[in-house]
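What follows is one structure encoded as structure tokens, with my remarks underneath.
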Amino acid sequence: MQLLRAGLTLALGAGLGAAAESWWRQRADARATPGLLSRLPVLPVAAAAGLPAVPGAPAGGGPGELAKYGLPGVAQLKSRASYVLCYDPRTRGALWVVEQLRPEGLRGDGNRSSCDFHEDDSVHAYHRATNADYRGSGFDRGHLAAAANHRWSQKAMDDTFYLSNVAPQVPHLNQNAWNNLEKYSRSLTRTYQNVYVCTGPLFLPRTEADGKSYVKYQVIGKNHVAVPTHFFKVLILEAAGGQIELRSYVMPNAPVDEAIPLEHFLVPIESIERASGLLFVPNILARAGSLKAITAGSK
């Protein structure tokens, strides 16, 4: 656990709940077609809230006037056939990706051999990764929403190959321990009515020889794609009786012995919330009323 312990107290802060609810209502009103968004029990989203008027502000002034020429940036939400993603243009990758797993979605006509990694043209060219960034880097293009989770249609699987759904991942991790965690997530669809998965990168601090803590990470390619120090995966599990269970994992972006049980990588959800700036528990409790968090050693 030494690989995990040092960094899991980084507090980036997040005031996300009200903005998420506002965005949710706007999205529901704008699009009546049922989809993944309408079924999510939790939506940790760093969306921009509306700009309220300020009493006593001079005529022609106030927050609304400040946005006259637009705001330089707000959270970039992207809804795909198989997942919802919040994009971080600074790192050239996702803040988080949320997907829903059900048994019927794990089988179908989706064929990985027909897929290719491709740029996300919905992201400005200044802020997106390219395949050239990964070439010769020594890192895999590691899926956040796994391709094997979405065999139900070729389009759903194709969408997992956007580079916005990818992060630089150490090959040994990607192909072994992380792959085992993805397989385990899929296996839970045999036990639970719904399995919601939220996956994302972490950039955790380390204490160095001078006794000070620093957040340092490598970047690759001409677009400076950030290499996460760790990855998290949060599983929100709906049992048939309505109970909600939560399992939250963190793995270092480094070779991990796949013989180590996955339980070893369970962490308290609070550590991920503090480190990522995201909130899960308040939104889940607002919808479910109760929650059972599974941690290492718990039954």
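Even glycines carry a Cβ here, placed using N, Cα and C.
Residues or ranges marked as transit peptide by Swiss-Prot on the basis of experimental evidence: 1-48.
Annotation source Swiss-Prot lists site 'Essential for catalytic activity' at Arg112, citing similarity to another entry. Listed in sequence order, Ala147, Ala148, Met157 are the same-chain residues at least 6 apart in sequence whose CB falls under 8 Å from the CB of Arg112 (site 'Essential for catalytic activity'). DSSP gives Arg112 (site 'Essential for catalytic activity') a helix state.
Its Cβ placed at the centre, Thr130 (phosphothreonine) has 17 other Cβ atoms within 10 Å. In the three-state DSSP scheme, Thr130 (phosphothreonine) falls into the coil class. The phosphothreonine annotation in Swiss-Prot covers Thr130 and is backed by similarity to another entry.
Among the features that Swiss-Prot reports, active site, proton acceptor is placed at His143, with the record citing sequence analysis. Long-range Cβ contacts of His143 (active site, proton acceptor) within its own chain (separation 6+, distance under 8 Å): Thr160, Asn165, Val166.
Among the features that Swiss-Prot reports, Mg(2+) binding site is placed at Asn174. Note on Asn174 (Mg(2+) binding site): other Cβ atoms within 10 Å of its Cβ, all shown chains, come to 20.
Only residues 6 or more beyond the boundaries of the region 'Essential for deoxyribonuclease activity' (288-298), in the same chain, are considered here, and those with a CB under 8 A from a CB of the stretch are 41, 242-248, 263-264, 266-269, 281. Summarising the annotation, Swiss-Prot assigns region 'Essential for deoxyribonuclease activity' to 288-298.
Per Swiss-Prot, the feature phosphoserine maps to Ser290. Under DSSP, Ser290 (phosphoserine) is assigned to coil, being neither helix nor strand in the three-state scheme.
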His143 (active site, proton acceptor) falls, by DSSP collapsed to helix, strand or coil, into strand
Ser290 (phosphoserine) versus Thr130 (phosphothreonine) - Cα distance in angstrom: 42
For the region 'Essential for deoxyribonuclease activity' (288-298), provide the mean pLDDT of the predicted model. 79
Output, ordered by sequence, the same-chain residues six or more apart from Ser290 (phosphoserine) with a CB under 8 Å from its CB, or 'none'. Gln243, Ile244
